[in-house]
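Novice: Okay, so TrEMBL annotates it like this:
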type	residues	note
BINDING	R46, G47, A48, R80, Q179, N230, K231	substrate binding site
SITE	C140	site 'Transition state stabilizer'
ACT_SITE	D220	active site, proton donor
Amino acid sequence: MVPETFKWLDGELVLLDQRAIPWETCFVTCKTYEDVAKAISSMVVRGAPAIGVAAAYGMALASLAGEDMKRARETLLSSRPTAVNLRWALERMDSVIDRSPDDIIAMAQRLHREDLEINRAIGDNGEALVSDGSVILTHCNAGAIATAGWGTALGVIRSCRERGKSVKVYADETRPRLQGGLLTSWELMEDGFDVTVISDGMAAWLMKKVSVDCVIVGADRIAANGDTANKIGTYGLSLAAKAHGVPFYVAAPLSTFDLSLSSGDGIPIEERDGDEVRAPYGKRLLPEDVEVWNPAFDVTPGENVTAIITEVGVLRPPYGVSIAKAIKEI
Ligand code: MRU
C-alpha cells in the first residue's frame, strides 16, 4: 500500500519522506512554515500538486504560530521555482490569509481533499484514451505521492485497472534524482502493476523495438499554448514519440496551467546542485570536480503533445483555444 503523501496531525504537518523511498517508509514532521519550505526545496515532498498542498499547510502552520503571513508566503513561494501549483495554492490561500488559524487550516485541508478528487477525475478522463492491453511509457513520478493521492499520469494507469483494463508500464529511471526508478516503480509494484524500469537513454530504442502504445507524463507548468515544463528528459521523450508515431499525453490538473505565459519560453527552469549528477544519493560516480549542468526540468513544445488530460476533460490542439476554454469554464 502506498502511504499518504501528507497528514495534518495535531497542528503539525507530517510528510512522507520521499528521499527514503523505496528503502524505508519514514516521515518528516514540519512544525513551522520554514520546515515546510525546507522540505519542499530538499525534495522530502515533491511533485507539482504535492508541493502546492504542502505550501498551503505551511501557511496554516504560520497562522497557528502568529507569524508574519506575507513573509511566510514569500518564503514558501520561493522554495522551488518551476511548478506553478505552488503559486496557485498560495493564491488560493490568499482568500483566507487575514482570517483565523481555523479558517486557514480548513482551506489547506480543502485544497488537500480537492486535489485527490481532481486526480480521480484526471484518471477517469485519461482512461478512455487507453485500450486494454496497452504498453505505456512514463517519466519521473506523477503518482500518488506526487499529489494528494491516485496521481496524474499514474492516476490514468490506476483508473485503467479500476475499469478492468490490463496495462504494462515502462518507467524511465529519470536521472539524476531517479524518481522513475525509485518512486514510480515502487508505487506501481506496491499496487501490483506490471512495471519495468529502463534507463532514460533506452526510451527511443524501446519505442523502436517494443510496440509502445502511448507515453503519459505529468507536468509542472503548462503555458497558454500547451508548451509543457516537466522533469528533465520529457522533451527528448516527446521527440522520440513523435518520430515513432506514439501518442504523447500530458496528465495535469488545471492548477498546472499558467495563462500569464503565452509560451514555454517564460517558464523558469530550476537548476539544481551539480552534485545530484556527480554523486547521486551520496555515491560519487563522476570525477570530483567535473563541470556539470543540472537543469531539473525541460519544456516540451505543445506541438509534440497529442492531448492534455485534465479534470475537466481531454484538451486537444489548438491548445491556445482549448486551454483558454477549459480555464474559463471552471
Ligand atoms: O523535481 P520533481 O521530482 O518535483 O519533479 C516532478 C515532476 O517533474 C513531475 O512529473 C510533475 O511534478 C508532475 S507530478 C504529478
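Backbone N, Cα and C atoms are what each Cβ position is placed from, and that goes for glycine too.
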Novice: Including all protein chains displayed, how many Cβ atoms other than that of A48 (substrate binding site) lie within 10 Å of its Cβ?
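Specialist: The answer is 27.
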Novice: For K231 (substrate binding site), which DSSP three-state class applies?
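Specialist: The residue in question, K231 (substrate binding site), is strand (DSSP, three-state).
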Novice: Cα distance, R80 (substrate binding site) to the residue listed as 'active site, proton donor', nearest Å?
Specialist: 11
Novice: Starting from the substrate site formed by R46, G47, A48, R80, Q179, N230, K231, give every other residue of that chain whose CB sits within 8 Å of the mean position of their CB atoms, in sequence order.
Specialist: I51, A83, C140, N141, A142, A146, G218, D220, A296, F297
Novice: In whole Å, note down how far the CA of C140 (site 'Transition state stabilizer') lies from the CA of N230 (substrate binding site).
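Specialist: Checking the Cα atoms of N230 (substrate binding site) and C140 (site 'Transition state stabilizer') gives a distance of 9 Å.
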Novice: In Å, how long is the longest CA to CA span across R46, G47, A48, R80, Q179, N230, K231, which the record gives as the substrate binders?
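Specialist: Across R46, G47, A48, R80, Q179, N230, K231, the two farthest Cα atoms sit 17 Å apart.
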Novice: Please list residues from the chain of C140 (site 'Transition state stabilizer') whose Cβ is under 8 angstroms from its Cβ, counting only those at least six apart in sequence.
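Specialist: Residues satisfying the criterion: D172, T174, Q179, G180, T184, V217, G218, N230, K231, G233, T234.
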Novice: For R46 (substrate binding site), write down the residues of its own chain that are at least 6 apart in sequence and whose Cβ falls under 8 Å from its Cβ; none is a fine answer.
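Specialist: Listed in sequence order: Q18, I40, N141, A146, Q179.
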Novice: My understanding is the cutoff is Cβ-Cβ under 8 Å with a sequence separation of 6 or more in the same chain; which residues meet that for R80 (substrate binding site)?
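Specialist: Correct list: I40, S41, I51, L86, E270.
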